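Here the structure comes first, spelled out in structure tokens, and everything after it is commentary.
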């Protein structure tokens, strides 16, 4: 009698598939840890926490709603927005920078200098404009066409120099926030709309985390 080995072959294939899936998961976990806990990323997250705390404080009386590290759909992937702030003013899109040193130049690529070292820095105003355009797109899809969208780039380090046209410091953020006019928007409705659409897929989140600069 010839033994039936088809079952064992099928089992072996399933086993190898399972091993491959586990291997990919482990590699992704290692990649996430290396990115999330790198020096630059730690510094960036600390800056984001600082801005999140400030936003919560200055907007408390206005009962604003905030989503920190929001992952919004962008085509078939996602984009990470440091802070989405919802108030009667509409939506405030905030990009946080925790870098030190000096930023000079204009246009698409700026020059970031730390001591004797220099490297290119993608203009954070353009970076935030991409996020704002994405927010506007989703607002239109949801029927919130008239909702105002404002943007702010905030540098948090005490030892950073930068042109005023590319951003503001923490004190400047408070001044800018207070200048936003009341547009009669419902912050709770806007908050839940964007909260519900957030990308949950860990693969898409990993993609944007590995692409985002560690600053």
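Yeah, the Cβs are placed from backbone N, Cα and C, and that goes for glycine too.
Per TrEMBL, the features are:
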type	residues	note
DOMAIN	43-158	domain 'NERD'
TRANSMEM	16-35	transmembrane segment
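With helix defined as DSSP H, G or I and strand as E or B, the domain 'NERD' (43-158) counts 37 helix, 52 strand, 27 coil. Model confidence over the domain 'NERD' (43-158) stands at 95, taken as the mean pLDDT rounded to a whole number.
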